[in-house]
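Worksheet: one structure, shown below.
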Amino acid sequence: MPTGSSCRECQARKVKCDRTPLRCLVCIRLNLDCSFSHPESPKPGHVEELTQAGTKRKRARRACLGCRAVKAKCSGRRPCERCVAKHLACEGIVTTGIEGSGQDDATSSVSTGLPEVPRNLDSISRDASLGDPGTTSSTAFDELDRRTTRGYLDDYFEEASRSTVAILHKATIITDWTRGTLDPALLKIIITTVQYRRHGYAGGTVEVRQSMDQVQQDVLSKWSRYNLTLLQVLVLLTQLRFQAGDNIEVWNLLPIAARMIFTLGLNQEKEYSNAVIQECRRRLVWSIFHLDRGLEDLAVCSPERIHIRLPCDQHTFQRGGVSRAAFLMDDVVEDGTGVDIYAFWLRLLVTRDRVLRYAKRVKRAGIVPSSTYHEMQALQAELDHFEKTLPADLKMSSERTMMMAHSTEWVKYVGLHMQWYQSHCDLYRICVPGLRESLPRDTLAKTPSDFIDFCQEACPDNALRLCHLLSDMYRLEPGDATSDTSLPISIYSAAQIYRQLRHLLPSEGENRLHAVKERLVDALQLARPLEIMPGPMKCVRDVNKVISALEEGTREQSSRSSSIGAGEISGHFLPSKHALLPRFAKSDDEPTPSLNVQVSSAAPTSVSGQEEPAARIMLDLASSKQVGNDGQLDDGGVVSWDPFDMEMNDYYDPDIGVLLASLEQQFDDAPRAA
């Protein structure tokens, strides 16, 4: 028989309490926070959400100052939905009394943006919170109660389950948080990541940006005391900076994270009694390895130095099972059981690395590609072997595409096969005139015509299969939006290939030019959700321009012979973009070369009235001043280098010495410009 006094909620509401231990039936029925379940005094953070009686406080009392001033409906959270939508500073009310004093909000003091730092965020220095109201990112975090924080954690792990690889273990993180032992910096970067996504990736609010800066300062200040947790924070921060388009920050943070792999010995497989910790170590390495596939001369993590198992499947990871995944350099993965799709993606990444290095070497050295046919065959055989050894449930087919479209792994499935098709395009596009990745005209002139025909047939064939995959997936209407930033890049590459080789497409049938254009439009719709990110947004815009001009001109004007011999800008040529291959200005007295070679001058500023609309679109692309993406010069003649434009078409990097000299000149000129 229940004994004792009534719970606090029933006493305040003056109702009969059955005094059931842990939680009375009345509180269960009304969904109240029964005091029997919290024998100790409630934490101060509960005052904002609940009244003294335990009922949820009215939204009007939780409204921010901005909503109060105009008597607008406020969601009651910080920042509130109205302030976020209108890009306003959301200032709340901080109660100065103690719980149970009965003090009304009318006697509360206005928040100055300087509430005391909670225990779980004590890594934020008090000096950082001494700024003006609304100028520090600590305000938004300080006002979070446990319910809101738990919502951030749940949202993060829900999104992480659909990403390429989740580096945090949900049960471990939430357990540490409930016990109050979760690292403050790790909690803050998780919340910052979710808040940045909620703001649509459009740069984030000032508070979120400042939070990123504070986490970065906190992590770098502990350089000499690095451990696994701090490396997790650094990797999450690097990934967030990459999404935010802060490429210079990523360029500086990534080598630190990459070298910490070897400092902590994470690149070696070691036996641990805790399978979760061991898998977290592996996933940290693979996340850094994926980001560190940058410039050939500056990369830190080479495949030969990674001696750990590939990521296991998400189910095994979350339940704490022992990984049965293979190693990166294993020849064959038997059946794929217990292996994540991302593991196959990583294996393909190594093959594509070799493809891109081969293409860059041939282009830079001006080698006639037919003389390296045996290397091309070996790379093609490696791609074929990869496809044959895929597990049956990961192979490409209309049935498997339909099954994967409505699963949480559809992004990984599409990304895997998209990269496989893209690797074929990377291998053969060196013989496609008009692309920046193609060989110079004089080298192509020395290449046997049958070899060029072979490459020009294989390249659009794989681009066509890529577009069919993306178009079919879009028409199946997958439930989740894609997060793969390489998606618009592959669509752009396919569109450029069609633009240059449209004469090879049949005039009738499902592969005619108009049908291909419709497929490209469908594929682009699949990438539309990525427009909220800075980098993909520019690529999607350029894909639109290429698709719009795809059917301009005649089929004869795009023939192989006329493409190779083209030495002037015409209305039927769109320069390849989104490759890390800046062009350098020539002197005024030198002749202006074609845009399809590595070195070119600025495009003309006018178009003849007789030229087609495609010419104007081409000039818009060529005269754009996005130097990082377009590989052109800024007004000062200095190369503006975006190191992570390699995501566009990897490894086509210019001379490192020239770029570093240009960067030094920019830094030297900065004080004088100020």
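For all residues, glycine too, the Cβ spot is worked out from N, Cα and C.
Fair warning: this is a prediction, and the values are worked out from it, not measured in the lab.
Per TrEMBL, domain 'Zn(2)-C6 fungal-type' is recorded for 6-36 (among others).
Taken from TrEMBL, the feature domain 'Zn(2)-C6 fungal-type' applies to 63-90 (among others). This prediction places the mean pLDDT of the domain 'Zn(2)-C6 fungal-type' (63-90) at 81.
The region 'Disordered' annotation in TrEMBL covers 101-141 (among others).
The region 'Disordered' annotation in TrEMBL covers 584-611 (among others).
Per TrEMBL, the feature compositional bias 'Polar residues' maps to 593-609.
Mapped onto DSSP classes, the domain 'Zn(2)-C6 fungal-type' (6-36) shows 14 helix, 0 strand, 17 coil.
When DSSP labels each residue, the domain 'Zn(2)-C6 fungal-type' (63-90) comes out as 11 helix, 0 strand, 17 coil, counted as helix, strand and coil in that order.
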